[in-house]
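K.L.:
Relevant sequence annotations retrieved from TrEMBL are reproduced here:
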- 102-235: domain 'SLC41A/MgtE integral membrane' (DOMAIN)
- 314-454: domain 'SLC41A/MgtE integral membrane' (DOMAIN)
- 1-25: region 'Disordered' (REGION)
- 59-83: transmembrane segment (TRANSMEM)
- 139-166: transmembrane segment (TRANSMEM)
- 178-204: transmembrane segment (TRANSMEM)
- 216-240: transmembrane segment (TRANSMEM)
- 247-268: transmembrane segment (TRANSMEM)
- 280-300: transmembrane segment (TRANSMEM)
- 371-390: transmembrane segment (TRANSMEM)
- 402-427: transmembrane segment (TRANSMEM)
- 439-464: transmembrane segment (TRANSMEM)
Amino acid sequence: MGPQDNKEFPFAPTDTATLPASAAEDSPLPDVIVKLAPESNTVEHCKVNSTTPSAETHISIGCQVVVPFLIAGMGMVGAGFYLDHVQDWEVFMKVPEIIILVPSLLGLKGNLEMTLASRLSTEANLGHMDDPKEQWSMILGNLTLVQCQAIVVGLMSAVVAIAMVAVTQQEFSLSHTLLLCSCSIITSSIASLLLGFITATVIVVSRYFNVNPDNVATPIAASLGDITSLILLSWVASILHDADDKFSWISSIIIGCYILVIPFWVFIAKKNKYTHSILYTGWTPVVVAMLISTLAGLILDILMAKYKDLAVYQPVINGVGGNLVSVQASRLSTELHKDNELGTLPPTARICISPLDAFFSKQQYAMTARVLMLVVVPGHLIFVYAIRYFKEGNASPTKIFIFFYLTAALVQVAILLYVAYVITYYFWSRKVDPDNSTIPYLTALGDFLGIMLLGITFEFLYLLGDIQLPT
């Protein structure tokens, strides 16, 4: 094909030598190459990544996942001890509805921070965060969006918790309602701001050291998420409860001030090109996940009334499941973004696959699932022994407890990893970005499964005489 044949494709250069140096340097589309197929008049568009990572193996994935996972797990152990400690505080005894908020507010790290981590990890892996100016714009826009979502979802979770208590227990207290709403908003807002900065920092540093942020960002974000949220919730609730006698209006003022700043955050997020569309489309998964987590909180409140020792294990089993499935969901989303247009699945991909294919095929997602499943048992053993040692000074939980607890954990993670594949590919086929949708559903499902399976475990152990009810 000579120069005269380029009339149909005037944008296809005939010789790279004819391109000015400035054109190559100032090209506005560095990620796309437009070329002619060798023996046809068709045009091919090829995506080019700024960096192409080498193929990952079981060992490389495991090495990157294990350390953040263990750090996150010890953070969850600490959160479990803290929840076990504060459940006897005066505010928790007089306002028991606060316990219902625990899974919902702890779940915000899945609804917001882990979704933020997945979104930024995908952008980093695609090379879109290599430009410092774009990097800052992307991070600040997403932090603003997360702050807006945290305030709204924090308020909604408190309202739903109050409604559930009113329906199930036929009780309603205006002072309790205002207290729950104010401490929920403050907790979700401050925790999301702190964890958002940490998450963005981890992703930028991971990119600098050529570590896949999909493997490390979500566990590290979660490592501080549970304990941060619990500390904030307990202290804010305690302070507001003590102040309620003298300053009964303070909760109302706090709620009003936060509601007034929502339009400000909305305005900033709307003006940012990276968050404009998410501001309109990212609410459904967050709200649905909040409803599921609040329902799980109601179940947790019932179970903790019977089994006080259950509190220390709740953040651990829920957090481990949420962390591992978030790694898988983030990786699945990144792979789809790399090689496919939104709405178009890979040629050989199917939405519904058998569990055997999800875990034992030769595909990358199956390899990742196997690595994550292998982490469950040793990880939980470390966490359980740590809990028993620091709680009772005895590092020897019974064999029957270990068996039932690990069985519950394996069932939870296996279900979550399979569901992660199905809904990620389903959302992608429906032109819904899974970075904004899958993790909230998965972490909320993890909370629900974790609490249900933990409750069943304690029921079995009670029937077998392995645990005793408090007198």
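Cβ atoms here come from the backbone N, Cα and C positions, even for glycine.
No curator has checked TrEMBL annotations; they are predicted automatically.
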K.L.:
Quick check: do the transmembrane segment (178-204) and the transmembrane segment (247-268) share at least 3 Cβ pairs under 8 Å, counting only pairs 6+ apart in sequence?
P.N.:
yes
K.L.:
Please work out whether the transmembrane segment (59-83) lies in contact with the transmembrane segment (216-240), by counting C-beta pairs under 8 angstroms that are 6 or more apart in sequence and asking whether there are at least 3.
P.N.:
yes
K.L.:
What else in the chain is close to the transmembrane segment (402-427), if you only count residues 6 or more beyond its ends and a Cβ gap under 8 Å?
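P.N.:
Distal contacts: 313, 317, 320-321, 324-325, 328-329, 332-333, 336, 345, 349-353, 355, 358-359, 365, 369, 372-373, 376-377, 380-381, 384, 433-434, 437-438, 441-442, 445-446, 449-450, 453-454, 456-457, 460-461.
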K.L.:
So which residues does the transmembrane segment (139-166) touch in its own chain, when a touch means Cβ under 8 Å and the partner is 6 or more beyond its ends?
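P.N.:
Distant contacts of the transmembrane segment (139-166): 97, 100-101, 104-105, 108, 111-113, 116, 119-120, 172, 176-177, 180-181, 184-189, 191-193, 196-197, 200, 255, 258-259, 261-262, 265-266, 268-269, 272-275, 278-279, 282-283, 286-287, 290-291, 293-295, 297-298.
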K.L.:
Counting only residues 6+ away from its ends, which parts of the chain sit with a Cβ under 8 Å from the transmembrane segment (280-300)?
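P.N.:
Distant Cβ neighbours of the transmembrane segment (280-300) are 99-104, 106-107, 110-112, 115, 145, 149, 153, 156-157, 160-161, 164, 168, 314, 432, 436-438, 440-441, 443-445, 447-448, 450-452, 455.
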